[in-house]
Structures are given as structure tokens and as C-alpha cells.
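**Student:** Have a look at this one.
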């Protein structure tokens, strides 16, 4: 609170970017964690909340006759324009937000003060929801080819890797340590994904420190061990995700890429994904196009093309497609690296895994994928997404691009994913919000030192608790898209990829539909499910009624058989035709034959019994069947007194009624 100069400013206007004349008048509040704007409208006090950690840039614009404008751009692509009456108040708010949006230490972040009213046990359960050891067991590990190594115990070999790593069984500790010394940041080749159908694998590392001629025997043996771990292939693909010119330039700095003359049985492949600086500039250009107030269609499309954003998305997708095909169709293992192995490597490994394994296309499986390929393997969340005040050149939308790749796949395979667009948007939001502890720090080691699991809460538990909000209504577990590998063409054109307005323009009220397609489909699905349940209940009732009808028919057939003990003639002429013929003789008339059992008599239902046993059916029988029950009514509308013949007639009428 010591950084807040002015906690409250009144008569502030919130400008609607689509309709600038419709500015809302209200009060601006600054708290330790949020910027809050509360409208003064008498009808409703609408509130707009912005986390300080979501603020990307703050721009204090030139003072006008109406006040001093303040433009706030957020990391979740929300844009807030405020007009503060007094220039002094605007300056105080500006200085306060500059400091609050750039904390200098982790303890100032929102997650350390966020309290969702859960006890210690619930918090601990949230952190164990995603268990990577169970995920590797699901892959079929360890086995004859891969083993769990403790060589990185206490992070003694590589401080940005997790402590538990899977390596080829033939790779000894000596080979692993030697290979780590020959790799940038000591990030030696380790397993990322194992395709148990054909024993092919996806491994990841950083670039080798080869320069122009250097070599390392242990590193060469490490790649040979990866090849031997796949008995179905005699070579390994080495995929360098960088443009070839960039990789060659790194050779001058003593780094570079593998020399095929030194590494036996490898095939090299360059992909051409640009570095973090190009991606940051590309996103900025695209957002400038999104901020245009009234662009023409040609201006928007030209600006989108000029930004190059979709070309970069396609490059990442092409890399994932190549790796997925190499693993599933060729049965060949792949080693992936970029420069340091924590940006582009994470992108393409996770995209390839998503294409290969339908488990990662489920809600919990996608959480596991991010936990495995991004969090545990040391993606630099703090540097890339500006959690703390630091070098702005380190910021880049790396995981944003991966999330968009997933959305592009969802657009092409709408039935293959259990989750919907909202799920992806909420994950992207919380990567920047710092409300949960999952995406803090640059490595598992840093998170362990800060005791993140003891001091913060897990996002995965929050998403899982509200999983009903993130279900895809088109997902079918038995659909062909949900089984096996997703096959995408690597065609040289961009028409397959779309601009994601649901992400980048989701706060533009005038551009978004009032009801999303997902919400509409979910409502239709729920209504359909309700109707199916009602239909099932009606079918069960109909089946019961048909059984009763069948039993009634059997009883009547038994009643019509000649009885040796009744003393009555079975001739049609001896049976009275009207109830009056039986008057005074009712007690002597048998209601059933002596041979008929008690259980049969229990199945004879009169109309009154039917009404009492199922009131819903009796109440609606006339309306549902369209047949009025006339057997119990006199022509004048009165009720007949019960008699044997009337009961008999009701049986026959009842059968007609039930059949209807």
C-alpha cells in the first residue's frame, strides 16, 4: 500500500473504444492487487477489475479539455482508457501503477496473498492432482529400453531440469555427465514422450557446443543410445527448430548444431522458427491492427499479413506435424533442440505430443502436458511473461503461440478435444495473472526454493473443480477424431489458419457475439440429454405397461376356459348381457376360476388401481393417447356403479387404452 499515492479518484470516465461517446462515469480505486472502476449508474454498479500483474503498459496521454487520458494495455489483450479530471490525480495514478505493475520480488505477487478459503489439506491435494510419475507409467515406462535416472538429484547436473529424468538404458552416468558438459546450459538429451506402439520417442535438449569443429564422444554415445532404444529404426532425426542461418551464426560463438560426420546414423532437419525477439515484434504488430477503431477489411487483412503472426504459427505447426509423422508413420525417434531448449523446443514437443496422443486432448491430459513439457523442463515463465521487473527484451509470447496452435487444431478437429476455447483462454489469463503458483519462476529448482506449493494454490485444482465450464459439447470419446494420431497436411499456404478473435478481441463488446457458439452448443447438448432421459423413462414405463397388458390377456384367456367347478354353463346364451341380469345374484358369481392362482389375480388392474398406482400416467392418459376413457362414464356424464360386466368391459377397454 505504500506505493499507492491516491487510492480513490472520483468522476473518472471509462471510455468505450467501440463507441467513444458512451463513456461510463464512475470512481477509480487502487488496491494492493487490483485497479477497480465502479460505475455510478443508478441502475447497476458495474465493476471492472484489473490485476496489477496483468498490466503490460501504461501510457499517459496529452491533457485535453475533458481531462487527462490514461491508456492501460493488459497482457490478456484488454485495453482500458480512462479520463481523469485532474492532471495531478492522473499523474499519481500513473506513478502508482508503474510501480505496482512491476514488482521487484516474488513475495509481492498476488498468489502469495490470494486466499480461496481452502484448508491446508485441500491445498496439498490440489498440487498432487497432476502427477508426472503416473504420466510416465501411462506411457509404459520404465521398460527394457528406458530407465529412470537420478543423475540430476538435487539439480547437480542441470539446474533447469527436473530431478527425475528418463534416459536410454544404455546411457551410463558417465555418458550423461559428459553429454551435459557439451550442451548449452548443460541441458543434455532426455526423454519427452514415448510412443509405445512402436518404441519411437521424442527427446529434447539444447544446442551442442560444437562450434566449427569441436566434438564430444559422450554426446555422440548419448545419441547412439537413443537410437538403440528404438529397435525398429536404424537412425534418429535431429530437428533444429531454428532457421539455418541463425544456427550457423551460433557456430561463431562456439555453439551451433550437430555435425553429421561425427554423429553416426542421424538425419538433420532445420525447421525455421524465429527467435523470441521476432515473435515479440510480430505480436505487437498484430495487436496494433486489432486496436484500429474502424479498419476496412483490406486494411485489417493487410496488417495481419504484414505482422507475420500466422506464418509463425504455421512454422510451429509444421514442426509438430513433421515430428508426429516421423514417430507414428516412420517409427523413428526424434531429438529436438533450439538454442537453450526451453522455448521453441517446448512448443514443438508439446504440439507433436498433442497430435500423437489423444490423452493430451482431454482436460486433465492437457494439464499434464503443460506440467511436463513447460513447467518441469524449465520454461522461463518469469522472464518470458514479465512477472517481475526485468529486461523487457526477454519477454516473448512463447506459450501464447502454443495455446493458439492448440486452438487452430480445435478448429480443424472440433470433435477431438474434450475441452473448449474457454479452457485455453483461462489458462492464458492465469499465466499472466500470478493468482496461482504454477507459472512462477524459471525452473523447478527456483519453485522448490520459494516453497511455492506450501505458500500458494494450484491452478489445475481450480480448473478441475470447474471442469463443467470447459467441456466441449462436440467431443465424443468413441469418435474417430479422438482415436490415435491427428493427421494434418504440411501444405505451403496459410488458409488453414485463422485469426483468433476470441482471444485477441474478446474484450471488444461490439465485435463479439452475445452468445458464444460453445455456450449455444452446450445448451443444446444439455437439452438433448434431458430429452433423452425423459424418453428413456417413458420407454421404461411403456415396457411395464406392455407387461401388464400381456398378463391381463393371459388372465382373461384363463377366465374364458371351461371351469369344472363353477356350475355355470359356458354357452354364450347362458351369460347375461347386462349388469341388471346379475342383480341380486352378485355374491354367487365367481370373480375368478378356482384354478387361477393368487398371483394372477394381483395382475388384474381396474381403472381405479391404474390411477392409484401411477398418478402421472392416469392424469395425462387422455391427453397423451388422444382416446377418452368412456368405459366408466354414463352418457349423461355420471359414473356407473361397478359390476362384473363393467369390470370385464373395462379390461378390454383398458387393453385398447394401453395399446394406444
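Positions of Cβ are set from backbone N, Cα and C atoms, glycine also.
Features from Swiss-Prot:
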DOMAIN    126-504  domain 'Myotubularin phosphatase'
ACT_SITE  338  active site, phosphocysteine intermediate
COILED    514-558  coiled coil
REGION    554-660  region 'Disordered'
COMPBIAS  566-596  compositional bias 'Polar residues'
MOD_RES   578  phosphothreonine
COMPBIAS  641-653  compositional bias 'Basic and acidic residues'
**Student:** Please report the DSSP secondary structure of residue 338 (active site, phosphocysteine intermediate), reduced to three states.
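**Tutor:** Looking at the DSSP assignment, residue 338 (active site, phosphocysteine intermediate) belongs to neither helix nor strand, so coil.
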**Student:** Mean pLDDT for the domain 'Myotubularin phosphatase' (126-504), as a whole number?
**Tutor:** 94
**Student:** Run through the Cβ atoms and count how many others sit within 10 Å of the one on the residue listed as 'active site, phosphocysteine intermediate'.
**Tutor:** 26
